[in-house]
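To start, the structure under review is shown below, and the notes come after it.
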Amino acid sequence: ELPPSEFMQVADSTWLVLSVVSNGREAPGCQATGVTKIARSVIAPLAEHHVSVLMLSTYQTDFVLVRERDLPVVIHTLAGEFDIYKEESGECVPVTSDDVSNGFLKPKPSASPTLHPVQSPQTRFCVLTVAPDTLPAIATMLIDVLFYSHSPPWDAATGSQDLDSITFFSFSLIEGYISIVMDAETQKRFPSDLLLTSSTGELWRMVRIGGQPLGFDECGIVAQIAEPLAAADISAYYISTFNFDHALVPEEGIAEVIQLLQQRQESGR
């Protein structure tokens, strides 16, 4: 319904949303949450089969977006580890590999993925939710933050952004559930009694992947971050955007995270 505009870019592919629902078979002792919880079982296998993904972590759960044309490969890749269902008219219907065998394409031989640089701004972030019925009370402030308050520190001459203090605000509304990521200074502008966060009130630091816009055809970017963090049992939220990927990790663990990712890059050269 959006009118065509020279200012709006639209990716060519149509994407499907996958959500992973726990059925009690998680590995014992695994405490990590977010993308690292599904790194070994979903993210790494899809990367090995050259499936490009977009990742969206929210306050409530995580979603993996795959291109519609890749669905046969996705199902063949994950069917051994998961019971897979598709939604039809509001009902969950089982899917098997046989259902998509006609469209299955044998994966190309695996190639070494590009290891992108990672950058960590000093900004501290909060991961929040609000009750839907309280949203009108903060709607005006949300609009101000989204459209009027920030002038992104973008250097047109160099085509780069000053990452000492990154401008980042994420708002998602999925099936009635609201998830917000905002920096700690912006959070102070909102009524504290309407913003719900974890009982620990933890703050998060960001790792941004890539020095230039990433595109949608490359595989293994999420795995580059998720696998080493999963091995170290470190939680991470992961948000893919049109241009870049962003991982949020606990503030107290940022030094360890940077070290792990640097070691991963050095070992992959």
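Sequential numbering from 1, following the chain as shown.
Cβ atoms here come from the backbone N, Cα and C positions, even for glycine.
Listed in TrEMBL:
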type: DOMAIN; residues: 11-78; note: domain 'CASTOR ACT'
type: DOMAIN; residues: 116-199; note: domain 'Cytosolic arginine sensor for mTORC1 subunit 1/2 ACT-like'
type: DOMAIN; residues: 201-262; note: domain 'CASTOR ACT'
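The DSSP breakdown of the domain 'Cytosolic arginine sensor for mTORC1 subunit 1/2 ACT-like' (116-199) into helical (H, G, I), extended (E, B) and coil residues amounts to 23 helix, 25 strand, 36 coil. For the domain 'CASTOR ACT' (201-262), DSSP puts the residue distribution at 23 helix, 17 strand, 22 coil. Within the model, the domain 'CASTOR ACT' (11-78) carries an average pLDDT of 86. When DSSP labels each residue, the domain 'CASTOR ACT' (11-78) comes out as 25 helix, 17 strand, 26 coil, counted as helix, strand and coil in that order.
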